[in-house]
Amino acid sequence: MTQLSRFLYGGDYNPDQWPEETWSKDIHVFKKADINSATINIFSWALLEPREGKYNFSKLDKVVQQLSDANFDIVMGTATAAMPAWMFKKYPDIARVDYQDRRHVFGQRHNFCPNSSNYQRLAGELEKQLVERYKDNKHIVFWHINNEYGGNCYCENCQNAFKKWLKNKYKTVEGLNKAWNMNVWSHTIYDWDEIVVPNELGDVWGIKGSETIVAGLSIDYLRFQSESMQNLFKMEKKIIKKFDPETPVTTNFHGLPNKMVDYQKWAKGQDIISYDSYPTYDAPAYKAAFLYDLMRSLKHQPFMLMESAPSQVNWQPYSPLKRPGQMEATEFQAVAHGADTVQFFRLKQAVGGSEKFHSAVIAHSQRTVTRVFKELADLGKKLKNAGPTILGSKTKARFAIVFDWSNFWSYEYVDGITQDLNYVDSILDYYRQFYERNIPTDIIGVDDDFSNYDLVVAPVLYMVKHGLDKKINDYVENGGNFVTTYMSGMVNSSDNVYLGGYPGPLKEVTGIWVEESDAVVPGQKIKVLMNGKDYDTGLICNLIHPNDAKILATYASEFYAGTPAVTENQYGKGRAWYIGTRLEHQGLTQLFNHIIFETGVESLVCDSHKLEITKRVTEDGKELYFVLNMSNEERTLPSKFTGYEDILTGEKAHKDMKGWDVQVLRN
């Protein structure tokens, strides 16, 4: 990671929406909360370039000067995420076309075509002006390119670029026809010009484009769109580095996670990962923790929490206030899992337009006596005290869960068996097992090095690309422990089924083959017998034939009662477990008691008392334990931490932890 000089505490600031005479007062209020940074210029293109080639930086100059004079660290946006009206009028091809074949008009945001040469040219020209102007300002500590990339395009620009992309990948139409199995429904093509991008009028349907005739086409198009947006990022980054090679560059990732953009491929081009976090009020705490661990694992370094909400979120269906203490707990949860900044959207609440009811440091009341502001100021004080100690510390994990965007896409395109396949939910079933045991866990991709881990869990590894099976076999043969599940090893990278029984190329390492897969309909429960107890299961039940594997659990109902549901296979020096059904939480917990015991890895704390406990290690080897009560109920601090120091307060650790309480402890 690019080393920060201090722990950034701040967020998005939009002074261009306010009279100039209010800016100095805003900065004074921010300082009262120990805020030391501001993210600016994210959506200012219309102000900076009111007409093509006519630039006006006068207002931004003043904003930068005032923040610099106040010794704020500045995260400088490139303003390319929302386009001015004149651009739509003069260059209609810049507007993206949705999968229903409708071209967007001026309005909203995230509505540019990534393959529009006009958008690329105009964004590059603005970028050059911006970077040349501010490259020598030492208060600018990060360049923030665009904003929350997303929104696929299906226009003629993209269609032409997609054909070139396919030619480069498949070389011949014969190769493409074979990869996509285009003999189905007479889809065979004989010329590259016959390719049509997937859309509702062609091979995709459903409200969200969730159904597809040719999955290979749709998956390749998602890969292509992710690369197209990534190329825009690379273009802007190249311009920045030409004039300012030292200041690090990022763009903010978002979502649960964002399905449209393959962040694992993008991560290589980021100087630092940044993430926008907005958990819903009813989301379990482990879901946010998973996303933070994913962001940390993208570069195996601390990341930036680029956006979060002080209290209410504007766009969710229901946005209750964050309860007293909850804001601090949720922000420290990000820090506990690897964040080296705490930043909000936004610093000052807007009076109009979209997101005007989204919470902020300066609320509509414009008072500093409010509950939220007092909590923000208290958080600022704690970060000021503890930030230097936390900054740059890392998480060391011996367990890993595999998350892969090609599997994300292909798994949810499955046509048949059941409509209830949800990739993220399936991954979370397994992440929760480690979260509740306070076992540090990395979220890795299929290209990461498995040998760094004692246990690798790859749930619903539906798509196994060429070479991945050998990588898994080698890992287990050399002593690794591997877990996979139903809906794994079924197709290749073009979504064509492996023959010979599921899990295809994973049959050898798992020591089993699957004959059929039964769909469990809503409201139906299938029983699984494990260690003399019955457990409920659902979604899918694989009918398993063990070859070399031993049986750990069997079905206890339906016509396949008595057949294997869970198996364990010794393979070389290691072991592979196959879980042929979606065990409910109690049953999965019982199974993972066995699996984790076999690995020899222990929890950070055995008597966690329903507290979330994570650990970061400083460069000089000091261990920092983050103890979070992610509920409104009182909990008890584990006895292990008796006598430890809470670096947030400088006092000894306290035993009774009220709702949403946080301690960061060192011995």
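The backbone N, Cα and C atoms fix where each Cβ goes, glycine too.
What Swiss-Prot records for this protein:
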type	residues	note
ACT_SITE	Glu148	active site, proton donor
ACT_SITE	Glu307	active site, nucleophile
BINDING	Arg109, Asn147, Trp315, Glu355, Lys356, Phe357, His358	substrate binding site
BINDING	Cys113, Cys153, Cys155, Cys158	Zn(2+) binding site
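Ranking the binding-site residues Arg109, Lys356, His358 by how many Cβ atoms sit within 10 Å of each one's Cβ puts His358 at the top. The Cβ of Glu307 (active site, nucleophile) has Gly11, Asp12, Asn252, His254, Asp276, Ser277, Tyr278, Gln343, Phe344, Phe345 as same-chain neighbours under 8 Å, each 6 or more residues away in sequence.
Note: the CA-CA distance between Lys356 (substrate binding site) and Cys153 (Zn(2+) binding site) rounds to 28 Å. Cα distances from the residue listed as 'active site, proton donor' to the binding-site residues Arg109, Cys158, His358 are smallest for Arg109. For Cys153 (Zn(2+) binding site), the count of additional Cβ atoms within 10 Å of its Cβ stands at 26 [all protein chains shown]. A simple way to gauge crowding: the CB of Cys113 (Zn(2+) binding site) has 26 other CB atoms within 10 angstroms, across all the protein chains here.
DSSP assigns Trp315 (substrate binding site) to coil, not to a helix or a strand.
Within its own chain, Cys158 (Zn(2+) binding site) has Val97, Cys113, Pro114, Asn115, Val197, Phe224, Gln225, Ser228 as residues 6 or more apart in sequence whose C-beta sits under 8 angstroms from its own. Reduced to three states, the DSSP call for Cys113 (Zn(2+) binding site) is coil. Distance noted between the C-alpha atoms of Trp315 (substrate binding site) and Cys153 (Zn(2+) binding site) is 23 Å. On its own chain, Cys155 (Zn(2+) binding site) has Asp93, Arg96, Val97, Arg103, Cys113, Asn115, Ser116 as residues at least 6 apart in sequence with a Cβ closer than 8 Å to its own Cβ. The local packing around Phe357 (substrate binding site), expressed as other Cβ atoms within 10 Å of its Cβ over all shown chains, amounts to 14. Listed in sequence order, the residues of the same chain lying 6 or more apart from Glu355 (substrate binding site) and placing their CB within less than 8 Å of its CB are Asn314, Trp315, Phe345, Arg346. Within the same chain, residues at least six positions away from Asn147 (substrate binding site) with a Cβ under 8 Å of its Cβ are Ile42, Phe43, Gly77, Ala81, Ala82, Arg109, Thr251, Asn252.
In the three-state DSSP reading, the residue listed as 'active site, nucleophile' counts as strand. Residues Arg109, Asn147, Trp315, Glu355, Lys356, Phe357, His358 are the ones the record ties to substrate, and the longest Cα gap between any two of them is 20 Å.
Taking only the Cα positions, the spacing between His358 (substrate binding site) and Cys153 (Zn(2+) binding site) is 29 angstrom.
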